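Here TrEMBL flags B:6-25, B:30-48, B:60-80, B:87-108, B:114-132, B:162-179, B:213-238, B:250-272, B:292-316 as transmembrane segment.
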Amino acid sequence: MTNTLLKLEQINTHIEQFHILHNVEFEVSPGEVTVLLGRNGAGKTTTLRTIMGLNNASNGTVTFKGEDITKLPPYHIAKKGIGYVPEDQGIFYGLTVGENMRVGMRKEDDATKERMEWVLELFPDLKKFWKKPGGQLSGGQKQMLSIARSYVNENDLLLIDEPSKGLAPVIVEKVIESIEKMKEKTTVVLVEQNFYMASRLGDRFYILDDGMTVHHGDMSALREDEELKRKYLGIA
Amino acid sequence: MIKTIQKSTWIYIAVAFMLVLLPFFKDERWFLFLMIQVFTFGIFAMSYDLLLGYTGIVSFGHAMFFGLGAYSIGITLNFLESTFMNLFLGILLALVLGGIVAFFAGILTLRLKSHYYAMLTLALASLFLVLAEKWRSVTRGSDGFTFRIPELPGPLQDHRNLVVYMFCLVSMVLIFFGLRRLTESPLGKILVAIRENEGRVESLGFRIMPYKVIISVVSGVVASFAGVLYAISIRFVGTNVFGIDVTLDALLMTIIGGVGTLVGPIIGAGIIEFAHHYLSDLSDVHWIFERWIILFGIVYILAVIFFPAGIVGTLWHKLAKRKHKKQEMKQKTSDKLAS
Ligand SMILES: Nc1ncnc2c1ncn2[C@@H]1O[C@H](COP(=O)(O)OP(=O)(O)OP(=O)(O)O)[C@@H](O)[C@H]1O
Ligand SMILES: [Mg+2]
C-alpha cells in the first residue's frame, strides 16, 4: 500500500449545470494536517462535499485507504471512517446538545464512551448546555458542538470546514488546541481562511483557485512565500 | 438505573383517568359519540404528526390508510359472522394492509423530493376512493353499508356505546405513550435530525431511506387502526372515509394542536370535532358555516399566522422561557454570592 490515506485524481464536479471543480488533484498523508486554502468561492467546500459524496464527481476518482469511494453514498463513506464538520455548523437545532452528541455516535462501545469523556473534558462548556436545544446556542457554541461531535466516532480522517468562522480569538485558540490533540488520533483535512490557524496546524497545504489546484507543498514553505500568499490568499 | 417518570406523564395519566370517569357524569349519546370521534381522530392525527412533525414528510392522502382500516373491518364483519374472532381478524387485516400500502408508498417515493410523496399519496387515496365506488359487490359503492359488531356478553350489551368509548380511549392512551416512547428513542431523534437536514444525517453515517420507510409504515398502521375504530363506532362504512377532507382534518388538527408534539394533535382533534359539532348548528345562522372547507381555510390561515407552533408548541415555548428566566435568576444570585 502507498503511504496515502486519501487521494483525489482528476476530480470534476458539477453543481447543476455549473462546472465547479476542474481536475482537482489532492493527496493526504496519514497523521498529517493538510490545509486547503483559497479565496471565497474557490471550491474548498465543494471539494470536501465531493469527498463526502454529498456532491457527485462527474469524473475522476476519490480513493480512501486504497479503495475507490467516488460513487459511494455519504452514509457509506462516513462508515468507512471519514468524519465531516460542515462549514455551516452541522448540528440539529431541534435536538439538545446531548442528543446532538449522541445522534452522531455510530457505535456504543467502550472506546466511543472513552472518547466522549475525553471530548467533554476538552469542551467542558458542552456539559453546561447539555440539555439546551442546539438552536439556542450561540454561533461559537454551535461550532464547538459541531467539532466536538466529530471527535466522538473513531474516524481515520476528519474533514473540517472553516472551524474558526465567526469565533472569538480565545475560542479559536481553543479549537486549535483541540485539533492539535485530535491530530494524535486522526488525520485532518482543514479548510481555513484564518492564516494564523492554518499555519499553526498545517503540515502541508493545497491552494485552490477557480476550482483548480494551483499549488501545494509543505506549510513551512508557504509561510516564507510572500508572493504566493499575496497572489492567492490576499495576505500581504 | 431506575428511569424517573417524567412529570408530564403524571399529567397525561390524570387526564386519561378523568376521561375514564367523564361518561359517568355526562352520558348523553351524542356526547359519547363526539368523544369517540375525538379519540379516533386523535389517533389519526397523531399518525399524521409522526410524518409531518417528526420526519418532515407531507402527505395529502393520509385518508387512504384511514379508509383501508374502515373498509377492512367493515367488509370482514359484513361478509363473515360477527364474532370477536372475526373482529380481531378484521383489525389484523387492517393493520397488515395499512402497513403494506405504507411500505410500498414509502419505497416508491421517499427517496425523491418530499412533494412526490405528497402527490403520490394523494393519487393513491383517489385511486382507493374510485375502487371503493366501483367495486360495488363488496363495498356497495357510494351508498356504503352498515355492519354489525359482535354482541357483548351479558349486561355490557346494554352499555355498548360506553364500551366502545372505553376501548377507543384506552387505544388512544396506549398509542400515545407508545408513539411518545418511539419519538424519544434514538430512532426518534434521528427522525428529527432527518427533518432538519438529510445530508447531515447521511454524512454522520446513517442511511435515510430505512428510517423514512419505518416511520411511514408505523404511521400507516396507526392511521389504519384509527379507521377501524371510526367504522366500529358508527357501524357503517362509506366512501367518505377516503375523502380529502379526512386528510385535511388531520392536517388542521395537527397544525392547530402543535406540530411535532403528539399531544397537540389530540387537543387539535378535540377542538376540530367540537367545532364541527357546534358549527353545524350555526348553519341556520349563516351559510358560511355549512361549508366546512371555507372555515377550514380561514382557521388554517389564522392558525398559521397567530399560532405557527400550535397550541401545545406555543405553550411549551412559554414554559421553556419561564424556566430559562428562573435559571438565569438562580445563576445571577449564585454569581453574586460567589463574587
Ligand atoms: N448550490 C450551488 N449552486 C450553484 N453554484 C454553487 C452552489 N454551491 C456552490 N456553488 C459555486 O461553487 C463555487 C465554489 O463554492 P464553494 O462553496 O466550494 O467555495 P469555497 O471555496 O468553500 O468558498 P468560501 O470560502 O466562501 O466558503 C462558487 O463559485 C459557488 O458560487
Ligand atoms: Mg466554503
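Using N, Cα and C of the backbone, Cβ positions are placed for all residues, glycine too.
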* Is it true that the transmembrane segment (B:6-25) and the transmembrane segment (B:162-179) have 3 or more Cβ pairs under 8 Å, skipping pairs fewer than 6 apart in sequence? -> yes
* Can at least 3 Cβ pairs under 8 A be found between the transmembrane segment (B:114-132) and the transmembrane segment (B:162-179), with each pair 6 or more apart in sequence? -> no
* Structure fact -> One stretch in B:30-48, B:87-108, B:162-179 has more Cβ pairs under 8 Å to the transmembrane segment (B:213-238) than the rest, namely B:87-108
* **Interface-richest range of B:60-80, B:87-108, B:162-179 toward the transmembrane segment (B:30-48), CB pairs under 8 Å** => B:162-179
* Folded-back contacts onto the transmembrane segment (B:162-179), same chain, C-beta under 8 angstroms, at least six residues removed -> 12, 16, 19-20, 23, 27, 32, 35-36, 39-40, 42-43, 46, 50, 152, 156, 218, 222, 225, 229, 232-233, 262-263, 266
* Structure fact -> Per the Cβ filter (under 8 Å) with a sequence gap of at least 6 from its ends, the transmembrane segment (B:87-108) is approached by 64-65, 68-69, 72-77, 80, 117, 120-121, 124, 149-150, 212-213, 216-217, 219-221, 223-225, 227-228
